[in-house]
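Undergrad: Before we start, here is the structure in question, set down as structure tokens.
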Amino acid sequence: MKRKKLVIGSILMGMTLSLSACGSSDNIVTTKSGSISESDFNKKLKENYGKQNLSEMVVEKVLHDKYKVTDEEVTKQLEELKDKMGDNFNTYMESNGVKNEDQLKEKLKLTFAFEKAIKATVTEKDIKDHYKPKLQVSHILVKDEKTAKEIKEKLNSGEDFAALAKQYSEDPGSKEKGGELSEFGPGMMVKEFEDAAYKLEVGQLSEPVKSSFGYHIIKLTDKKELKPYEEEKENIRKELEQQRIQDPQFHQQVTRDLLKNADIKVSDKDLKDTFKELEK
């Protein structure tokens, strides 16, 4: 079982600050320099954390309403977590900011609900768009286009790809392996690299491809056999779900979409513009 992340992006932090300005004048701290009342304390909390905490509470409310998580699911996950962590279970809870199993169950429940929200975004079109064979490639990565073109000329004149990769490549993970990368499928590489790789035939070299890492020269060494769509459909769905679950930017988009569709109305004047960003 993979270790569940208990924090899904900054907007779902497990903060439990009380924001109720109850108007009490009871002091919660006294010093030689003066005292701090409960109402002053709550006012300060509201000023500093009110909007963030309100956002989190609304997201939790929407998630639990739209994506039901059963007690059985949570209990099963908790027991698996206990088995995995063993004697380190209590340390694990402390490191994740929870004091007891009930709090942990609530966090697991929220995590499950958010994962269900993410999984629901995978459509039939997404699956069909990713129905492509997995590729095996080697590449040479350099910082500038001039060097990339010079290396391509050497390759065109018959020089060995692996030898040039060991000499020039600035990718530490593949350099000593002659530029060889692990097998990959759709959505696993930066777009520019992936698009170029899927256009190649086995044995073919790409022109220099610019990405955020630099300039790549790609060699397609193998294209795996593609199984029938119906056999691969569920595997592709699961891969897409896991990619999105692990993508913080996708978390933000899902959260934004949940809030935009929640018909939120804020009556508190101090928190009125909490969801103003959703209007853009």
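Cβ from N, Cα, C; glycine included.
Remember, predicted model here, so these are calculated numbers, not experimental data.
Annotation comment: Swiss-Prot describes 132-222 as domain 'PpiC'. The S-diacylglycerol cysteine feature in Swiss-Prot is assigned to C22. According to Swiss-Prot, the N-palmitoyl cysteine annotation covers C22, on the basis of sequence analysis. Look at Swiss-Prot and you will find 1-21 tagged as signal peptide.
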Undergrad: With DSSP helix as H/G/I and strand as E/B, how many residues of the domain 'PpiC' (132-222) fall in helix, strand and coil?
TA: 31 helix, 23 strand, 37 coil
Undergrad: Can you work out the mean pLDDT of the predicted model over the domain 'PpiC' (132-222)?
TA: 97
